């Protein structure tokens, strides 16, 4: 595309504000289509991120040319379609208040989307007709979500509709993928995450296949507990036959997942969880593999995600074996012969003989009664786990006892598994009054509160409160695929508020991950997030009542989430002073004591925060994912929408300030695959600040996780990044995380060669843990 027009356009754009007349540009195309211009500008991103910005604006302009110019018209055109997905009630609300909605919506805000963002919106979130033609703009989608939240009940709350639209369209907050593409439709399944517990009887085994398939078809991600299924070759008294164990059942769920895709928009997404004492643990650990005997015999199930539910007892035995203090003996059981091991947990970690350790007590009781069906060592299990992690990045590790002992809902029942991305932890069970866990997710853009004089913690608190009310309304307005999901959600009313853009905050404030000030700020940010959510949930309880399972909860006793960590010995009692100092008095000891007293009177939601992956939100807004460091300073992001070059704009701005963003530096950055650690022309201070997630010591990620985890009601999707697959390195951070009381041991463990050995732009598909994991991505 070597024309005067394109070269002039490129030179005008480079490093400038991009005040481009898109109508004039479109008329001047002559022989080139808008799509060709978009592709060309995107390819020039390596020179400057402004090229990507222009490509995004061209893409938005292209969409605007083919869609309705007002919100009500867009809705009218969709409603007129023979196979319209829109709910008649939603359409009626839009028609009734169309003057307000049409005048308030601001289509110019579409031009704030990144290229990755607008293309993701086109591909996944914007409603289409039966022929696949896009029928709305991003602003229409934001308004549709806002109306779904505040306009579908008994009262149409115009004020809150407009406020929510404003927060969404300015990218201060985001709602989860199912909410985005199902809001306003005839079957509004708005929830992201579902947790199922599979019982050991044929009827329930197949019921869970059906239930998971129905949930997946509506866009939900699923976590299944398999720990209660009897092991292979166990006797079945009813039939006189032997059990097939978990292997065939996992393969059945694997096939179901592949068939039941998420509304045709993306593949289905299931995670299966198992406890380490289960006799079939070694089979379970081999099933995700793409290579090896089971894979060659097609006895694997590689489309599923896998998770281990790890008790303290196993970690203690493993640590003793590592340090030659014990032989690592670990007993294996079949749950039909050793029942309820997955239904109990250790309330304390103490080794004192009177400590409340129900799991440990029952485990050794079954050992004494010789109910075990096999004996191995803790090291053998962890080695087998590691072989699989090297290939596929999981099984995840969830610390069972930490999750349960720090749960506000520990009085409800034992948490036996998590969800697709190991950040949601809700009790679930089958049988009488079955409950299937459900959680609605949203996230706050931390970068939205960066100010010239520091960080706006008050703004973050307010935004967290707004999201809390949004999610609470979604609980009442959403569609539930089963009565057990409705029962659980109405009883506990759990929500999961996450974050994205933490790395953007640190880069803007010139902090580096791992520094004392960064760790303190990480703690303070998540304290503010939790505080804002709890404060608003208390206010909502006064207006609408507490969640039915509130009596007996930790909050009903005046215990906040960080108090549970103090009680367990994993957080110092001085945390309030640290937060007060970091927030410069926005949150004081008095603030927290007032919150405790108010919480005892009632709380609307059983859970408040959960730190999920946020790949889609990050794509849309140009911010870094969740709480993670930058994975690279230059990479190609693979999504369902295609491949897009992403450049770290903060690094570019810092280099421009010192006149170092030159062609030579650009080429070195490209040759190094996005790393600047060996570009010695760049000052050491900048190189240190822009270490990527893989280049920094992984203990830094653990320490940051330990700082924020006390303010997380549920858990977090904690990734680790390593150059080489060395078990000792991985065990170091896992044991450190366990000792610090983390609830998640690991989400994905990524391994790859050093960036300096790569001569092409990093193809960073790992950044989002694969596109099929997006059910709980935002």
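Glycine residues also receive a Cβ, built from the backbone N, Cα and C atoms like all the rest.
From a predicted model like this one, the values you see are computed outputs, not experimental measurements.
Database features, via Swiss-Prot:
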type	residues	note
ACT_SITE	419	active site, proton acceptor
ACT_SITE	421	active site, cysteine radical intermediate
ACT_SITE	423	active site, proton acceptor
BINDING	177, 192, 193, 221, 419, 420, 421, 422, 423, 613, 614, 615, 616, 617	substrate binding site
DISULFID	193-439	disulfide bond
SITE	193	site 'Important for hydrogen atom transfer'
SITE	200	site 'Allosteric effector binding'
SITE	230	site 'Allosteric effector binding'
SITE	439	site 'Important for hydrogen atom transfer'
SITE	747	site 'Important for electron transfer'
SITE	748	site 'Important for electron transfer'
SITE	773	site 'Interacts with thioredoxin/glutaredoxin'
SITE	776	site 'Interacts with thioredoxin/glutaredoxin'
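Once the Cα atoms of 177, 192, 193, 221, 419, 420, 421, 422, 423, 613, 614, 615, 616, 617, the listed binders of substrate, are compared pairwise, the greatest separation found is 19 Å.
Cβ neighbour count for residue 439 (disulfide bond): 29 (other Cβ atoms within 10 Å of its Cβ, all protein chains included). Cβ neighbour count for residue 614 (substrate binding site) (all protein chains, 10 Å cutoff from its Cβ): 32. DSSP gives residue 616 (substrate binding site) a helix state.
Comparing Cα positions, residue 200 (site 'Allosteric effector binding') lies closest to 419 out of the recorded positions 177, 419, 421, 423, 614. The least crowded of the recorded positions 200, 423, judged by other CB atoms within 10 A of its own CB, is 200. In this structure, the CA atom of residue 230 (site 'Allosteric effector binding') is 39 Å away from the CA atom of residue 616 (substrate binding site).
Here residue 748 (site 'Important for electron transfer') is compared against the recorded positions 177, 419, 421, 423, 439, and the shortest C-alpha distance is to 421.
Note: the Cα of residue 421 (active site, cysteine radical intermediate) and the Cα of residue 177 (substrate binding site) are spaced 14 Å from each other.
Reduced to three states, the DSSP call for residue 193 (substrate binding site) is strand. When the alpha carbons of residue 614 (substrate binding site) and residue 423 (active site, proton acceptor) are compared, the span between them is 12 angstrom.
Residue 616 (substrate binding site) sits 18 Å from residue 419 (active site, proton acceptor), counting Cα to Cα.
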